[in-house]
């Protein structure tokens with residue numbers, strides 16, 4: 001009986017990890033001078049290793065997702081270009 005309870009608890013723990021929502025981390029930067037805005041990415045495909053393209057006041061950068069909301073994913077689109085944006 002104890003092994004069944006353990007198996008159920010283990011399964012629930014695994015599912016909560018797999019099914020938990022993921023978000024871009026909240027940026028610690030609140031403002032940026034226009035001449036310092038630089039996009040390292042425009043979409044998630046521009047990032048490596050499972051990181052996402054996240055929008056910050058200083059441009060889009062690749063960051064690993066977190067389980068805490070607050071950040072914003074980059075919108076991308078045809079007008080998005082990598083490099084300095086000015």
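Cβ from N, Cα, C; glycine included.
Sequence annotations record features per position, and here Swiss-Prot assigns signal peptide to 1-20.
If you look up Swiss-Prot, you'll see 21-66 marked as domain 'WAP'.
Taking Cβ-Cβ distances under 8 Å and a sequence gap of 6 or more within the same chain, the neighbours of residue 54 (disulfide bond) are 24, 25, 27, 60, 61, 62, 63, 71, 72, 73, 74. Under the three-state DSSP scheme, residue 54 (disulfide bond) falls in the strand class. Sequence annotations record features per position, and here Swiss-Prot assigns disulfide bond to 24-54 (among others).
Residues or ranges marked as disulfide bond in Swiss-Prot (evidence: similarity to another entry): 32-58 (among others). Sequence-distant contacts (6 or more apart, same chain, Cβ under 8 Å) of residue 58 (disulfide bond) comprise 29, 32, 36, 37, 38.
Long-range C-beta contacts of residue 41 (disulfide bond), restricted to its own chain and to partners at least six residues apart, with a cutoff below 8 Å, comprise 47, 53, 60, 61, 62, 74, 82. DSSP gives residue 41 (disulfide bond) a coil state; it is part of no helix or strand. Annotated disulfide bond per Swiss-Prot: 41-53 (among others), in sequence order, evidence recorded as similarity to another entry.
Positions annotated as disulfide bond by Swiss-Prot, on the basis of a curator's inference: 42-80 (among others). Residue 42 (disulfide bond) has a Cβ environment of 19 other Cβ atoms inside 10 Å.
Taken from Swiss-Prot, the feature disulfide bond covers 47-62 (among others), and the record attributes it to similarity to another entry. DSSP assigns residue 47 (disulfide bond) to coil, not to a helix or a strand.
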Disulfide-bonded residues compared (24, 62) - the one with the fewest other Cβ atoms within 10 Å: 62
Integer mean pLDDT for the domain 'WAP' (21-66): 94
Disulfide-bonded residues compared (32, 47, 53, 80) - highest count of Cβ atoms within 10 Å: 53
